[in-house]
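Q: Take this structure, written in structure tokens, and hold onto it; I'll ask about it next.
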């Protein structure tokens, strides 16, 4: 059995009769997993991919559940001696219920939410650095995990970017008790479509950009965009920070203004905006010095993170902090400390070895941006694949993006999941061969360790090797098993063996 989710130790709960009229008792928790039920919990039984959560209702009651929230199909399968509350879409109600049970913790925290196809994780880490410089006790929630004051806090939820509403509200309640002042969190399109962030009021929400991804979940790009808009409309956020260099961002800004609930604050590099990067310079090590125009004037600051896109991410972070009324200059001075595992992460192999970076880039836009971010002075060698059981339409564009920017493209396995790895690689290879410029080599590298080894063998000390797709991940999903695999550690191990 997995460890129990984080929860506050002291919280008010709600009267059971507010959900099930006439029932006695007090709900003191809410949970989706029957194995993690505590006495006094509300068990939420949802339809799953293979089995309905109602199948585990008896186990939940045995563990102390006071009531069950489910849909009509679940209710028909439940025969237990506790109230069964039936709703057409129980998932849509979980967030507000969890918030009420745990004392509406987001109301006691300064909440910063970031959404967009790319840039969420890096922007959250930059927010963390800026808030820490301002003296705040800050927590982060996102793809890389849950942190308080920069230290990881163990949770059982796996790698999902935004936890389900009961776990998320429990985390926020735990943060309040831990003395956290501010929370910076990633808010994915899945989370918005599945109501995971319902019950949270955001002081500032930001939109980074929109590119092709998750079209296995969203039917079209318009559907994907619509999910993102939910973070900004209807009073969910007090301030909306929007990148208007992105065409989807300009469209969003118009929608938010028309909605009338959130104040729009714009960011841009190419356009006129409330917060604008005027210019920046990049040192040989990839760090950048940025000149920013903001409503209070101009300032200069540095970031150590590679890539022009991280200049944009730093712009978003500072616009979020400044629009919240915080001191932009003090926050900007702290950004130089931000380092993100698996996001343009440099792996130092010594003076006679090639330069290596590991990045999470797994969309065509992100692949192109990561490779463009590599300093000049040697060949650029890209190692990448595409995930199985995910949007197949982005595979060829990813390969094409790599071949348009790199000198050597080695196609390998990412997380094949239930798909045949060779078939996924074939699609990426087709895109790479189509997009390859004269002189660009495209190689089928086979399994991931062999492909990384091939890249290191090909590379000279002046070359840059970019290993893309998995970033911070420490496992590779093949079939229904997750095998240990950490790109950074594999690189170091291969270098030691040379």
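Cβ atoms here come from the backbone N, Cα and C positions, even for glycine.
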Q: Between 402-405, 406-409, 410-413, 414-417, I'd like to know which one TrEMBL lists as motif 'Meso-diaminopimelate recognition motif'.
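A: Matching range for motif 'Meso-diaminopimelate recognition motif': 414-417.
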Q: TrEMBL records 414, 415, 416, 417, 469, 473 as meso-2,6-diaminopimelate-binding residues. Which of 390, 496, 497 is assigned to the same site?
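A: The one candidate that TrEMBL places in that meso-2,6-diaminopimelate site: 390.
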Q: With DSSP as the reference, give the number of residues of the motif 'Meso-diaminopimelate recognition motif' (414-417) in helix, strand and coil.
A: 0 helix, 1 strand, 3 coil
Q: Rounded to the nearest Å, what's the C-alpha distance separating residue 121 (ATP binding site) and residue 416 (meso-2,6-diaminopimelate binding site)? Just drop the number here, would you?
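A: The Cα atom of residue 121 (ATP binding site) is 23 Å away from the Cα atom of residue 416 (meso-2,6-diaminopimelate binding site).
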Q: Starting from the Cβ centroid of 390, 414, 415, 416, 417, 469, 473, which together make up the recorded meso-2,6-diaminopimelate site, report each further residue of the same chain whose Cβ lies within 8 Å of that point, ordered by sequence.
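A: Near the meso-2,6-diaminopimelate site, the remaining chain residues are 362, 385, 386, 387, 388, 413, 470, 476, 477.
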Q: Which number gives the other C-beta atoms within 10 angstroms of the C-beta of residue 469 (meso-2,6-diaminopimelate binding site), all protein chains shown included?
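A: By my count, 27.
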Q: Around the ATP site formed by 116, 117, 118, 119, 120, 121, 122, list the extra residues of the same chain whose Cβ is within 8 Å of the site's Cβ centroid.
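A: Not counting the recorded site residues, we get 114, 123, 186, 208, 209, 313.
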Q: Could you give the Cα-Cα distance between residue 118 (ATP binding site) and residue 469 (meso-2,6-diaminopimelate binding site), in whole Å?
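A: Given the Cα positions, residue 118 (ATP binding site) is 12 Å from residue 469 (meso-2,6-diaminopimelate binding site).
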Q: Do you know offhand how many angstrom separate residue 116 (ATP binding site) and residue 390 (meso-2,6-diaminopimelate binding site) by C-alpha?
A: 18
Q: To the nearest Å, how far is the Cα of residue 228 (N6-carboxylysine) from the Cα of residue 416 (meso-2,6-diaminopimelate binding site)?
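A: Cα of residue 228 (N6-carboxylysine) to Cα of residue 416 (meso-2,6-diaminopimelate binding site) measures 27 Å after rounding.
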